[in-house]
Structure formats: structure tokens, C-alpha cells
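The block underneath contains the structure these notes are about, expressed in C-alpha cells.
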């Protein structure tokens, strides 16, 4: 079973005695920086000149400097910029400012796991990753609660990396809910697999296939949309609240019977075999290598896939139907 840590297992004074730089001010960056500050931590935010986030961070009372200045000042550096540019930010702004005894923190392990960033031997390399979006992390902190976090130590130069990571997690409210110890390898590989095979890739492909099956059989796109996409939220919310058991308790017996007898016909042994191939490609670095190459080549295939899905009948139908739903916020991303 997983090893769990709570408030009494973490010493907030450890992170309060350090100087923290948060590089990036997106969803997680703002939650980390503001919550650490409110926990009595010396925080600065590192943003490039011209960043649209600078004014927002300053309005919220944070000191903003360049990433290089932030890294030079701090002895705990949390990198929360997007995965594909982390290595560039590290090379340009962090690498030459690291000193023995410093700590390099991440919210996701991809760049360490696959060697895009190779820290020097004298620094701690840790992860603190809340299992929720930044706005929830911040709101829970302000309400005196917290979002569960995972922590990991890839390189423990000081011999006190775990204590530091737990202290950081306490500073953003994580230990109020509970913190699970993991490794960079486990976090990275399971996170990527979950996104690709289930949460994003698997779910999107399942929804599209169901929608296409109904419309190709002559059913109205609007009805197919409701049955294959819109109502998915109702089911996922029940699973989120109480697992498969609560979902099945809440649906009709007809739906539950269909779940048992039809689900295994959709997700077959062949599907699971393909999932294992996906996992292997994550583990051996194939996915990370291909994704970084795609990103740094200007995202041609990425944009092609994005455009194709945007033009899909599922999406055009959904955009019109959501206009009927006053409770749905369908602002353009």
C-alpha cells in the first residue's frame, strides 16, 4: 500500500527557512506561489520579460523577476512551465545558478524521467504534484483544507529531500488532505498512460466511435451527442464521488445489466493488449521523444489532428446544442 503523510508528518519551518522561486504562473504556478506566501514562505515568481502573467502576479502581491534572477536568489526552484519548454528554461535560466545544497522541484516528472534535464549531483531533485487543478488547490488552501499531493525524491543530495518535499507540500495545503510518496518514474509513466489510454485519448476515441456508430446508422446527430457525450458527465461524476459502486447503484438496472454484458465486448483483450503497447512506448521513451520532436518542429501533426477534431460532426453538433444549455460555459478556449 502507498505511504501516506499528513500535517503532523511535515515540518513547515523547513520550507519557511528557504528561498523559493516558482517559475511559471499558470494553473499550478499561481496556486503554489500564493499558498506558499500565505504559509510564511519567502517566494518570488520567475517570468520572462513580456509575460502576460506578470501583471496578474504583481496585482496579487507577489514579487516578479526574470527566471534567471529568481533562480539566482532562491535555493528551492520549482519549475512549473509547460513540459516541452522546461529543458530550455533550465538551460537558459536555472543550470548556471544552481549551487550545491539547492533543490530543484517539479510538478511532473517527464523531463527528469526521460533525461531532458540532467541536474548536477549536488542538488536535491524533488516533486510535489497536487492531484487537482491549480484553482482547486488554491481554493481548498484558502478554505483551510487541501488537495491530496504526491511527492517524490529522485536525487537526495542533502539526505533530507523527503523532509523538504513534505514541508513544501504542507505549504500549499497538501498534507491537510494527505500526501502519497511515489517516484519520478512511477508518476511520469502512470500519468502519461492515464492521459493517453483512459482520460483523454481513450475517452475521446470511445465517445467519437459511439457517436459515429449512431449517426452512420441514421440516428440524429443531436440525439447521438446527448447519449454518447453529454451524459458522460453524469456517469463520471458518480464514479468520482463513489467509484464504480456508486455509479452502478445510481443508474437503472437496465443500464447496469448493459454495463456488465456489453462493456467487455467494447474493451476487449485486444484493447488491453494495445494498452500494454502504449505503456511500453511510454516506458522506453518513444512517446516522450516523439512528442518533443513534434513540439520543436512546430506542431504540424498536432495542429492537423486538432483541426480535424474541431471540424468533426460531434463538435459542430455540440457547439449548437450547448447554446440551449444556460448552465454550460462554452467560452472559446
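Glycine is no exception: its Cβ is also placed from the backbone N, Cα and C atoms.
Per Swiss-Prot, domain 'KARI N-terminal Rossmann' is recorded for 2-182, and the stated evidence type is sequence analysis. Taken from Swiss-Prot, the feature NADP(+) binding site applies to 25, 26, 27, 28, 51, 53, 83, 84, 85, 86, 134, supported by sequence analysis. According to Swiss-Prot, the feature active site maps to 108. Annotation comment: Swiss-Prot describes 183-328 as domain 'KARI C-terminal knotted'. Sequence annotations record features per position, and here Swiss-Prot assigns Mg(2+) 2 binding site to 191, 227, 231. Positions annotated as Mg(2+) 1 binding site by Swiss-Prot: 191, 195. What Swiss-Prot records for 252 is substrate binding site, and it gives sequence analysis as the kind of evidence.
Here the features listed in Swiss-Prot are placed on the structure.
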residue	record	Cβ within 10 Å
25	NADP(+) binding site	27
27	NADP(+) binding site	17
83	NADP(+) binding site	19
85	NADP(+) binding site	15
108	active site	20
134	NADP(+) binding site	22
191	Mg(2+) 2 binding site	19
227	Mg(2+) 2 binding site	14
231	Mg(2+) 2 binding site	11
252	substrate binding site	8
Spatially, and counting Cα to Cα, which of the recorded positions is closest to residue 85 (NADP(+) binding site)? Options: 108, 191, 195, 227, 231.
108
Cβ distance under 8 Å to residue 195 (Mg(2+) 1 binding site), same chain, sequence separation 6 or more: which residues?
201
Of all the recorded positions given, namely 108, 191, 227, 231, 252, which is spatially nearest to residue 25 (NADP(+) binding site) at the Cα level?
108
What's the CA to CA span in angstrom from residue 134 (NADP(+) binding site) over to residue 252 (substrate binding site)?
35
Name the one residue among 191, 227, 231 whose Cα is closest in three-dimensional space to that of residue 51 (NADP(+) binding site); these are the binding-site residues.
191
When the Cα-Cα distance from residue 231 (Mg(2+) 2 binding site) is computed for each of the recorded positions 27, 83, 108, 252, which gives the smallest value?
252
Nearest by CA distance to residue 252 (substrate binding site): which of the recorded positions is it, out of 27, 83, 108, 191, 227?
227
Starting from the Cα of the residue listed as 'active site', work out which of the binding-site residues (27, 83, 227) are within 10 Å.
83
At the level of the C-alpha atoms, what whole-angstrom distance separates residue 83 (NADP(+) binding site) and residue 191 (Mg(2+) 2 binding site)?
13
